[in-house]
Amino acid sequence: MSIKYIASSKLPTPWGVFEMHGFEDSETGKEHVALTLGVFDAESPILGRIHSECLTGDALFSLRCDCGFQLQTAMQNIAEAGQGFILYLRQEGRGIGLLNKIRAYELQDGGANTVEANERLGFAADMRKYDMIIPMMEQIGISKVRLMTNNPRKVKAMQSFGLEVVERVPLQVGKNRYNEGYLKTKSTELGHMMSEHHFTEEGKD
């Protein structure tokens, strides 16, 4: 495995002081981060999330997606539980990178949905991989998870690596008039498990 643990430090946030653990992929050069809060019992399921980098949503407060809302809600949920983790993976734009994501947004501005835009650029709908989570989870000492996600691929990925997903915790947050179509596409074409209320006009916040 090409993932190497580098260092850890404290990370004060609005939701508490997390521990930040840095990892480097020697093959790709990408740097991944695990955030942890609290003390873990190896036999108890720990609340957590696998979160793929989204500069536009996480840092620039974009309303085109639900990523930033999911990250903040996950951190808040972990703080309320008193323990938990987030694996922050550098897989911008479902794995196509930031500039290609902007190209995809340009196509979406012209009427394509998020899947069609990726495919027109020559990419699969979702290019992400999750094998890097194995050494990350080993380093932070977690094998049983209550996973905050709407994406069944993340559940299957964890299970395929021998991690026990005791519960899937839905994260249906961040719906607004700019991302209703995006959320619907994630549900109908990417298989994300969301209630229809979360992406329909009738369920508008």
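Even glycines carry a Cβ here, placed using N, Cα and C.
Just so it is clear, the model here is predicted, and its values are computed rather than measured.
Pulled from Swiss-Prot:
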ACT_SITE  ASP126  active site, proton acceptor
ACT_SITE  ARG128  active site, nucleophile
BINDING   ARG49, ILE50, HIS51, SER52, GLU53, GLN70, GLU92, GLY93, ARG94, THR114, THR149, LYS154  GTP binding site
BINDING   CYS54, CYS65, CYS67  Zn(2+) binding site
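Mapped onto this structure are the features recorded in Swiss-Prot.
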| residue | record | Cβ neighbours (10 Å) |
| --- | --- | --- |
| ARG49 | GTP binding site | 25 |
| HIS51 | GTP binding site | 23 |
| GLU53 | GTP binding site | 20 |
| CYS65 | Zn(2+) binding site | 19 |
| CYS67 | Zn(2+) binding site | 19 |
| GLU92 | GTP binding site | 20 |
| ARG94 | GTP binding site | 21 |
| ASP126 | active site, proton acceptor | 19 |
| ARG128 | active site, nucleophile | 18 |
| THR149 | GTP binding site | 22 |
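Annotation note: THR149 (GTP binding site) sits in a coil segment as assigned by DSSP. A coil conformation is recorded for CYS65 (Zn(2+) binding site) in the three-state DSSP classification, outside any helix or strand. Non-local contacts of CYS54 (Zn(2+) binding site) by the CB criterion (under 8 A, 6+ apart in sequence, same chain) comprise SER62, CYS65, CYS67, GLY68, LEU71, GLU92, GLY93. Other residues of the chain with a Cβ within 8 Å of the Cβ centroid of CYS54, CYS65, CYS67, the Zn(2+) site, are THR56, GLY57, ASP58, SER62, ARG64, ASP66, GLY68, GLN70.
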